[in-house]
Amino acid sequence: MTPALVPLPVVVPLLGAALTLILANRPRLQRSVSVLGLTTTLVVAVVLLVEAYRHGPVVVRVAGWPPPVGIVLVADQLAALMLVVSSAVTLCVLLYSIGQGRGETSESAPVSIYHPTYLVLTAGVTNAFLAGDLFNLFVGFEILLAASFVLITLGGTEVRIRTGSTYVVVSILSSMIFLAALGLVYAATGTVNMAQLAGRLDALPPGVRLALQLTLLLAFGIKAAVFPVSAWLPDSYPTAPAPVTAVFAGLLTKVGVYAIIRTETLLFPGGQVANLLMVVAGLTMVVGILGAAAQSDMKRLFSFTLVSHIGYMIFGVALSSVAGLAGAIFYVVHHITIQTTLFLVAGLVEERAGSTDLRRLGGLARIAPLLAVLFFVPAMNLAGIPPFSGFLGKLGLLQAGVAAGGTLPAVLVGAGTLTSLLTLYAASRVWNIAFWRAPRLATSGPPVRLPGLMVGATAALVLLGLVLTLAAGPLFRVTADAATDLRQRTPYVRAVLP
Amino acid sequence: MTRGEAGPTLVLVIAVGVLVATGVTLLLERSLTRILLGVILLGNGVNLLILLGGRSGAAPLVGTVPASAMSDALPQAMVLTAVVITFGLTAFLLAVAYRSWYLSGDDEVQDDLEDRQVVRLAERNEVSTADLGGEGPDNDPEQVDPEPALRRLRRRGEEQ
């Protein structure tokens, strides 16, 4: 019964996309189809997570072809956990965008393409999480990229085209590198099935193996916005519509991080590049957050904190101990939720005050107290103030770093603490300027009533962040279990190739 | 497709090298049309590279030749998918280039004004006016850094 559920998170959004495209002239029906599709995905994802936690990875052979000939979809604990978080977040963002009236036919978006594209994006993300072979992972990436191209240039205004063209070119380049790596992997091993690769890559000469590993790492590093190749992100995310930026910030880079976790544990265990990963993780954290401190626009500032906090996850992967991986997975879950929430709040600020430029904002705490609360909780969560999940995630990673011993992990623990403090600085700077000081021109106009659905969806995500805090104990148990499975490799390989 | 017992054909390896090298060179340009050409060349180079990974031989149809003499069908299937994807992305990039030309008169990727403004503040060793509690002259990015807008105007003047 359960294996039959595995393809649903990919198939349901794709069918929904087709339906919403047909229903382009029936906005109400279109909205219901989207919401229903994503709710189904969420329910299926939760069932899969429970099943994977209790009985190990759930595998489905597409069209009944046995692997390695056919394609497999694998929902192990890591993939299922990612599915649950990503579908919860996409559902909330969808409700938010419905509240905002996005997806309606308007002058800036003449065809109602928002809903179909959004659903295709979701299908791409879930396909990447479930992919059991490298080529299917590539296809997942391409699905989500193609959809994201449409969403980031939505409306085709001059500024969106400018930022969109940077994004499109960088994404295509990273896909080309991934594709080249795929070709080389196949040439070296004769397979792209990940479970089979796990065995065959071990037999390769170390030089060839390292070259393949680094090529894949570069491709995923660009997608995940790891430091030397992260400059494209703060340049392209902020101009898109708020819900689009929010879902990109929450999910797309994390798919890259997921791919790094998967390949570094399943295909290339042993930590040959651990030192390299630690150096880039440290640089990502520090350079990213220094960039955030200099920004004077809320959305740009949070794009920089997004880059910076990717560093924590890479640090956990670099440690490659069970504690490190568990911390990294926990941090991914936490960061997807919190970063999306912050961009949704930025969207609410834009709706309320007409701008997210800090120079124009002020006094929001007095004018819109609820908005202030919705900002304050996730901002402090991101900065890692106890007792929030941001603190627990960072604590888990730093403890794993201290347990690893050695100079480089110690330096990274220092960098992580510094980044946490600087995040607090950046977050409180936004708080002081936009919320705490006296009202400005942009904020002193007549009060605007924010649509209830927008506020509700944002509040739901803030609550989800708090639930992550309260349920951190059980969640850490799941991530530790997932990390143990990842380190052992046998549960995954045995489930795919019995 | 082209790998015998002795390994891949040298001609094809060189072709991949040339395509990728010219593609990367064009990608470094600023005009979207040239970047587009770069993407096409790079895409073809990478697709050829995947083909090189499989065994060469006769068409892989059951019953025509013994299995040992067949070429490897999997890279061909992967290339087919990759070609379609590259085609779609190229078409989208072409649309972006056209839209950019339609809106701003050329297809050059413009500078990010906000970025340059932050750089300018750093060069002058100042903090943003927002931190001092005011709304200073850096309210309007266009006024702080007129260079990109001027460059666009100049280029338009040259064309006429």
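Positions of Cβ are set from backbone N, Cα and C atoms, glycine also.
TrEMBL entries are annotated by machine, without manual review.
What TrEMBL lists as transmembrane segment is A:6-25, A:32-50, A:70-99, A:111-131, A:137-155, A:167-188, A:208-233, A:240-261, A:273-294, A:301-322, A:328-349, A:400-427 (among others). Feature annotation from TrEMBL assigns domain 'NADH:quinone oxidoreductase/Mrp antiporter transmembrane' to A:131-416.
If you look at the transmembrane segment (A:32-50), the same-chain residues 6 or more away from its ends with a CB under 8 A from one of its CBs are 2, 5-6, 8-9, 12-13, 15-16, 19-20, 23, 58, 75, 77, 80-81, 83-84, 86-88, 90-91, 94-95, 98, 115, 118-119, 122, 126, 478.
Counting residues 6+ beyond its ends, the transmembrane segment (A:328-349) has Cβ neighbours under 8 Å at 78, 81-82, 85-86, 89, 92-93, 96, 100, 241-243, 245-247, 249-251, 254, 257-258, 261, 298-299, 302, 305-306, 309, 312-317, 356, 361, 364, 371, 374-375, 378-379, 381-382, 389-390, 392-394, 396-397, 434, 450, 454-455, 457-458, 461-462, 464-465, 468, 472, 475-476, 479, 482-483 in the same chain. The transmembrane segment (A:400-427) is not in contact with the transmembrane segment (A:240-261), judged by fewer than 3 CB-CB distances under 8 Å for residue pairs 6 or more apart in sequence.
Sequence-distant contacts of the transmembrane segment (A:240-261) (same chain, six or more residues past either end, CB-CB distance under 8 Å): 78, 82, 86, 89-90, 93-94, 96-97, 100, 102, 118, 121, 125, 128-129, 137, 140-141, 144, 148, 151-152, 154-155, 160, 163, 217, 220-225, 233, 299, 302-303, 306, 310, 313-314, 317, 325, 328-329, 332, 335-337, 339-341, 343-344, 346-348, 350-351, 486. Of the recorded ranges A:70-99, A:137-155, A:167-188, A:273-294, A:301-322, the transmembrane segment (A:208-233) has the largest number of C-beta contacts under 8 angstroms with A:167-188.
Long-range neighbours of the transmembrane segment (A:301-322) within the same chain, counting only residues 6 or more positions beyond its ends whose Cβ lies under 8 Å from a Cβ of the stretch, are 224-227, 230, 233-234, 237-238, 249, 253, 257, 260-261, 264-265, 269, 271, 274-275, 277-278, 280-289, 291-292, 295, 328-329, 331-332, 335, 339, 342-343, 346, 358, 382, 393-394, 397, 400-401, 403-404, 409, 412, 415-416, 419, 423, 426-427, 430, 480, 483-484, 487.
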